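Trainee: I have a structure I would like to understand better, so I am pasting it below and will then ask my questions one at a time.
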Amino acid sequence: MRGGQCTAWAPVLQFTNCRILRGGVLLREDLWVRGGRILDPEKLFFEERRVADKQRDCGGCILAPGFIDVQINGGFGVDFSKATEDVGSGVALVARRILSHGVTSFCPTLITSPPEVYHKVLPQISVKSGGPHGAGVLGVHLEGPFISHEKRGAHPEAYLRSFEANAFHDVLATYGPLDNVRIVTLAPELGRSHEVIRALTAQGICVSLGHSVADLKVAEEAVQSGATFITHLFNAMLPFHHRDPGIVGLLTSDQVPPGRCIFYGMIADGIHTNPAALRIAHRAHPQGLVLVTDAVPALGLGNGRHTLGQQEVEVDGLTAYVAGTKTLSGSIAPMDVCIRHFLQATGCSVELALEAASLHPAQLLGLEKTKGSLDFGSDADFVVLDDTLHVQATYISGELVWQAEKAGP
């Protein structure tokens, strides 16, 4: 019921007594939904002479676009980098559980793995619309194995790869078909990387720079070849230096092609990035900031030993380490917690904090016409929040898919 006359006859929902995030501003307006999309009420009144079939009082809450997580390695005991016979059920479990955190779409992320893992796991993850069953799957994020040995972080060294003579064929041999792949993180200093970047972007795949020792010149050349994203800024890359700021320098580079926006992921969990670094990045380039969780399978499970891909992870309080080391291994903070921490750490506006988890990732993936906003015609994926940005309810295609106990609409 998303097009044509069928949609015209679908019931009209009117969400009242709310502040909606639209155009970077919280507006005291009602939100109108029909057939799974945001509706222009003026057309409804003046062209169709109709009113709402149902009204829902939101109790003064904020209505923001549904959150989009483009880097999540698993959660609730599910490891996306683990080759099992039923990967799909694990993805479905995570998709269902993240609804309570306001996430309506996500990119399941695989870390560096041997080729046989990619060949077994990737065919089992389908791009899928969200609904009562869980958040939508936008495609897979492949983080590695074409990354730096020196900046591998929690990625297992034994499975790291470089590009061979037939670079893109090596990528296909490693991953298998790329039909459901949305993002690939690679180190741009690897030989033949620009050939790979051009081939991936020609297929509509977003290329992200990360786990890298690239200097600024190499990073700029990668952007000129088509890269548009930076994986977890500041983490697993050369530190900022005033004579060569490295990948971090892309935030203010004058070598970015005209009209191109460089986006960068930030893990605002209070562990991965110092608040001062969050403020520096935000003030340097606010429109490119994309909040990511980088959540690991231990998300929602508490202290103890868990897995991430081919190795063990130990959770102690709010921190996840590669077992037996002090190397950080992803995050255990869900998206709504990251948004609240980012807001508190940077002192930015509520609007910008919410857009960093919705509009910006949608723009990164080229989905801004349907996701990441409450503009007329967009998908009616949205989250109901109280003034402290705690999730009260989550909607996908205008349908209630999760609600806090004793919450409003």
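Every residue gets a Cβ built from N, Cα and C, even glycine.
What TrEMBL lists as active site, proton donor/acceptor is Asp294. Among the features that TrEMBL reports, Zn(2+) binding site is placed at Glu143, His211, His232. As annotated by TrEMBL, substrate binding site applies to Ala154, Asn235, Ala236, Arg243, His272, Leu328, Ser329, Gly330. Sequence annotations record features per position, and here TrEMBL assigns domain 'Amidohydrolase-related' to 62-401.
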Trainee: How long is the line from the C-alpha of Leu328 (substrate binding site) to the C-alpha of His211 (Zn(2+) binding site), rounded to the nearest angstrom?
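Mentor: Rounded to a whole number, the Cα-Cα distance is 13 Å.
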Trainee: For the Zn(2+) site given as Glu143, His211, His232, which other residues of the same chain have their Cβ within 8 Å of the site's Cβ centre?
Mentor: Gln71, Gly144, Ile147, Gly153, His155, Thr185, Ser208, Gly210, Thr231, Asn235, Ala236, Asp294
Trainee: Counting only residues 6+ away in sequence within the same chain, which have a CB under 8 Å from the CB of Ala236 (substrate binding site)?
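Mentor: Set apart from Ala236 (substrate binding site) by at least 6 residues yet with Cβ under 8 Å, we have Ser148, Lys151, Arg152, Gly153, Gly210, His211, Ser212.
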Trainee: Cα within 10 Å of Ser329 (substrate binding site): which of the recorded positions Glu143, His232, Asp294 qualify?
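Mentor: Checking each Cα against Ser329 (substrate binding site), the hits are Asp294.
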Trainee: Of the recorded positions Glu143, His232, Asp294, which sits closest to Gly330 (substrate binding site) by Cα distance?
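Mentor: The answer is Asp294.
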Trainee: Write down the Cα-Cα distance for Asn235 (substrate binding site) and Glu143 (Zn(2+) binding site), rounded and given in Å.
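Mentor: Rounded to a whole number, the Cα-Cα distance is 13 Å.
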Trainee: Using C-alpha atoms, which one of the binding-site residues Ala154, Arg243, His272 comes nearest to His232 (Zn(2+) binding site)?
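Mentor: Comparing Cα positions, the candidate nearest His232 (Zn(2+) binding site) turns out to be His272.
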Trainee: Express the distance between the Cα positions of His272 (substrate binding site) and the residue listed as 'active site, proton donor/acceptor' as a whole number of Å.
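Mentor: So the Cα of the residue listed as 'active site, proton donor/acceptor' lies 10 Å away from that of His272 (substrate binding site).
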Trainee: Around the C-beta of Gly330 (substrate binding site), how many further C-beta atoms are within 10 angstroms, looking at every protein chain?
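Mentor: Excluding its own Cβ, the number within 10 Å is 31.
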